[in-house]
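> Sending over a structure as structure tokens; questions will come in a sec.
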Amino acid sequence: MKHFLSINDVTDLNQLISNGIAAKRNPFADIELGKNKTIGLLFFNSSLRTRISTQKAAQNLGLNVIMMNVGQDGWGLEMEDGVIMNGDKAEHVKEAAAVIGSYCDIIGIRSFAGLQDREKDYAEIVFQQFKKYADVPIINLESATRHPLQSLADCITIEEFKIKQRPKVVLTWLPHFKALPQAVANSFCEWMNPMDVELVITHPEGYDLAPEFVGKGQVIYDQDKALEGADFVYGKNWSSYQHYGQVLTSDPSWMITEAKMSLTDNGKFMHCLPLRRNMKVADEVLDGPRSLVIEQAANREWSAQAALREVLLHI
Ligand code: CP
């Protein structure tokens, strides 16, 4: 059984990127692969892109799709083992995962970090429990610590738009008033590490990501210095990892503007979306020729298709 939970489940990244680009050129080449098979997409949190792109990719591969907002459409699920279930959770994941696994050949799950307990979030309990009890491949539609389908779409987008063999890619923290998880930033770093890119990460002090995700990335706390000569600027807000889940600052000088982008080498701007305009990124950047956010979001369909194809080949 092959899961798709992180880059550790990818055997050949270049091939996977090529498969995504191939799917974009010929979306229905593998329509027989998923015939008479079913994927269940379980959302513990909101989504626009992941929900629609994964459904579309699954349909391109001939899969039947069942979608569920867990906790809204179904019973609240208890994830901890051995607890007395006298609270608001009516069903245990042991039964729920086993039952859903009996209906579906693949299960995709979105479950964000709670941002209260770092150890618990980074243990990825929801995914571990489904892996243990569902007995079918599990796809990560964004977990507490990672968003691999987004990262694969980001790799595809960089591959398509790079004009240098080894582009400079800068991940920059963006200001936001609300605490957001580290998943997209973690995952982006994790996927950029094996890519042939110069990876620079910039954020205010106190926002360092977990070292296992930073890898070869060079951390520069001065955003202007970090942006110098960048070919791609990848914006994202995240809350503190060290002071777990806290918003330490929302300094507006970290917002990406045209003046900031002029420090780059005619760099392109990327963001996974959704984003709050003129809080994180100025209209002038998002509406201008540097922005790749729509192309990047469109590539979510092809990253999902490449990942699902890989999983289907191993069922
Ligand atoms: N980028 C992303 O995952 O978008 P959604 O939250 O809308 O799925």
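Positions of Cβ are set from backbone N, Cα and C atoms, glycine also.
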> Say TrEMBL lists GLU142, HIS176, ARG276 as binding N(2)-succinyl-L-ornithine: which of LYS94, LYS120, LYS216, LYS236 is in the same site, per that record?
LYS236
> Compile a sequence-ordered list of residues in the same chain as ARG49 (carbamoyl phosphate binding site), six or more apart from it, whose Cβ lies below 8 A from its Cβ; state 'none' when nothing qualifies.
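Looking at Cβ-Cβ distances below 8 Å from ARG49 (carbamoyl phosphate binding site), excluding near sequence neighbours, one finds CYS272, LEU273, ALA297, ARG300.
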> Going by Cα-Cα distance, pick out whichever of the binding-site residues HIS176, LYS236, ARG276 is nearest to HIS147 (carbamoyl phosphate binding site).
LYS236
> How do the residues of the domain 'Aspartate/ornithine carbamoyltransferase Asp/Orn-binding' (184-308) split into helix, strand and coil according to DSSP?
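Counting residues by DSSP class gives 45 helix, 19 strand, 61 coil.
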> Given the binding-site residues SER47, ARG49, CYS272, ARG300, return the subset with CB under 6 A from an atom of ligand 1, ordered by sequence, or none if empty.
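Near the molecule: SER47, ARG49, CYS272.
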> Mind looking up the mean pLDDT for the domain 'Aspartate/ornithine carbamoyltransferase Asp/Orn-binding' (184-308) in the predicted model?
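Across the domain 'Aspartate/ornithine carbamoyltransferase Asp/Orn-binding' (184-308), the average pLDDT comes out at 98.
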